Each structure stands twice: as C-alpha cells, then as structure tokens.
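**Q** So that we are looking at the same thing, I have put the structure below in structure tokens.
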Amino acid sequence: MKVIINGEPRDLAPRSTVADAVRTLTEAREGIAVAVNDEVVPKATWATTVVSENDRVDVLTAVQGG
Amino acid sequence: MTAETTGATSPTGTTGPGTPGGVRSPAGDPLVIAGEEFASRLITGTGGAPSLKVLEEALIASGTEMTTVAMRRVSPGAEGSVWDVLRRNGIRPLPNTAGCFTAMDAVRTARLAREALETDWIKLEVVADERTLLPDPVELLDAAERLVDEGFVVLPYTNDDPVLARRLEGLGCAAVMPLGAPIGSGLGIRNPHNIELIVEQAEVPVVIDAGIGTASEAALAMELGCDAVMLATAVTRAQDPVRMAAAMRDAITAGRGARLAGRIPVRRYAQASSPAVD
C-alpha cells in the first residue's frame, strides 16, 4: 500500500505499523516523534498502531534551530 | 523580574520605586523559571553554526545550561545530531516552534516536541511573515492559552510590547521573551524603554530574545533588568563563534552585576568626586 512518509510516497506492506514506517527512515527511537495525519502517536503505541493506505506519516527529530 | 532587581536605577537614567539590595554573589543568584534553577543566565540557540563541532565548542564556552532546538523531519542517513551534542554535554534542550505561522501549527509542533524530547517546556514562536519574523500577537496569545491549558511550561517569544507581555503572563506563561530587534538582525535593543516597562511589571522572568549582536548589547539587556538573554546568531555567525560565546557569558555576568549593584543616576552637570580645596 502507498503511504506518504515525510512527504514522499512509499510502499509498505499491508497492516504495517507506525514503528515499521519509522524504520524506513531511522533506527533511532530517542529524540523522535511521529504524527499520522497530523495527530501525535505516542511512542508506546508505535508498534500497535497500524497505518492505512494514503496516511501521512511525519517523523520528526530535534535539529539545530532557534 | 526577580524581587532583588526591583527598583534599581536604570541605564536610561530613570529610577524605580526602591533601591537594589546590593551586590549578590553569582552562586546565590540563580535564574529561576517555573521553579527550576539555572546558574547561567544565557540561553543559547543552535541555529546557524558552521558545524556541529564549532557549535559544541561554543556551547561549552558560553556556559549555557539550556539550548533551543527546532523540530524537523528526519533526514535518512544524517550523521551526528544536535541532540547528541546536548546529551553529551548535559545541556537541557528547549524545543521551539520556529517556522510556525498559526496557533494550530505551533500547538501541533509543541506536542511533537514533548513526545520526542520528553519535556513540557516549549519556546513558543508564532511569527507573522518570513521577512520580519515578528511575532503575530493574535496567534501567539491563542497558542499560549492552549498550551498552558495542556500543561506546557510556555516561554513565548513576543514583541517588545508591555501590554502583550502582561497578557501572556496573565495566561500563565512561565516567562516572557521580548525581542530586542528582529531575529538575526543584530540591531541590538531598539526600544530599551519598552523593555524597562516590561521588566517593571513582570512577576515572571524576562528573557530578552533576538536582536543581540554583540556583548555590550547583552550586558545592556541585563542592566535594563532582564533576567536572562537568549541569543543564537550573534554567536553562531560570529567570525569566531567560540570566542564570542565566552564574551557573551562574561557580558551577561557583568550586566547582571551592574544591575544588582545599582548604577548612579544620570546628571546633567558635573559632580566632583574629589573633596573641595580648603
């Protein structure tokens, strides 16, 4: 299925989770936050939250700024 | 404004309602925000550094204990991160909402920052346009109210407007952070009178945020009665960032000392400091 991860379309297996989506970008867990369709997904539920076709997954981290 | 600064004679020559309590040792004079103590009164930003190595050296030289970071999308394969630098040096991250133009965006960014960095503290920025990066007061108040309601410790970047600062404090913000001048401009403190008015009325710490270009301007901010200075560009884009970071550290200590010592009143004519000749 097609999922938009950080603005880029990607193919994920059906029933993939938020944790699977994060792993397409990074193995890190600390300092990372995820939103699906603009709603924050708590880290504790990444492994159990299933993403759906055309969901927008944003994976963010702290960068230099301010 | 902390109680011990109340009534100091200001650098612009006006006199407050009392007299300062005398010189305090730095060790006994911490910056206190939302009940947490900081020995350093310099909050640094991390934007604009030429490299992570220079940034790290500058942060260490500055003596800062709290440093802002922005939240952005993960770049695959990125090597090293500001997050690693802060953890390695025991510096507390203060996430910001830089790049947000609406209250809704700022609230969403704050929630993401809380999840990523496990902190309720947020430096709230809601700006009006790219050209000036000036705060949008309407969106700022809206965002501050929502974030305070959600339990965040909100440190808002605000205009040098005493009325807006009072409104933000009234909403429950833990500090107010008025600009000296637009972000990255290095124009110094354009309206010291307004900063003094904000300091006079504030019951929460006042942190000058943006506009500082060099050490004397950081010292002036402290002499005006600000509790702390937030800056980034003045250090990260200096020709020698590490040296400027140390200069800022010293300037803020000096300015704070001068504020607590209480400057002499400004006079129109001379006053002899030597005894009169008999």
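Cβ atoms here come from the backbone N, Cα and C positions, even for glycine.
Sharing the record's features from TrEMBL:
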- B:K123: active site, schiff-base intermediate with DXP (ACT_SITE)
- B:G184, B:A210, B:G211, B:A232, B:T233: 1-deoxy-D-xylulose 5-phosphate binding site (BINDING)
- B:1-14: compositional bias 'Low complexity' (COMPBIAS)
- B:33-275: domain 'Thiazole synthase ThiG' (DOMAIN)
- B:1-29: region 'Disordered' (REGION)
**Q** When neighbour density is defined as the number of other C-beta atoms within 10 angstroms of a residue's C-beta, which of the binding-site residues B:G184, B:G211 has the lowest density?
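**A** With the binding-site residues B:G184, B:G211, fewest surrounding Cβ atoms within 10 Å: B:G184.
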**Q** Could you state the whole-number distance in Å separating the C-alpha atoms of B:K123 (active site, schiff-base intermediate with DXP) and B:T233 (1-deoxy-D-xylulose 5-phosphate binding site)?
**A** 17
**Q** List nothing but the one residue from B:A210, B:A232 whose Cβ has the fewest other Cβ atoms within 10 Å; the candidates are the binding-site residues.
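**A** Minimum Cβ neighbour count within 10 Å, taken over the binding-site residues B:A210, B:A232, occurs at B:A232.
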**Q** Can you filter B:G184, B:A210, B:G211, B:T233 (the binding-site residues) down to those whose Cβ is less than 8 Å from some Cβ in chain A?
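**A** Out of B:G184, B:A210, B:G211, B:T233, none lie under 8 Å of chain A.
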**Q** In sequence order, which residues at least six apart in the same chain have a CB under 8 Å from the CB of B:T233 (1-deoxy-D-xylulose 5-phosphate binding site)?
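**A** Non-local contacts for B:T233 (1-deoxy-D-xylulose 5-phosphate binding site): B:G45, B:G47, B:G48, B:I183, B:G184, B:G186.
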**Q** Using DSSP, would you call B:T233 (1-deoxy-D-xylulose 5-phosphate binding site) helix, strand or coil?
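**A** DSSP call for B:T233 (1-deoxy-D-xylulose 5-phosphate binding site): helix.
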**Q** Which number gives the other C-beta atoms within 10 angstroms of the C-beta of the residue listed as 'active site, schiff-base intermediate with DXP', all protein chains shown included?
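**A** The answer is 28.
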**Q** Can you tell me whether DSSP puts B:K123 (active site, schiff-base intermediate with DXP) in helix, strand or coil?
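**A** Assignment for B:K123 (active site, schiff-base intermediate with DXP) reads strand.
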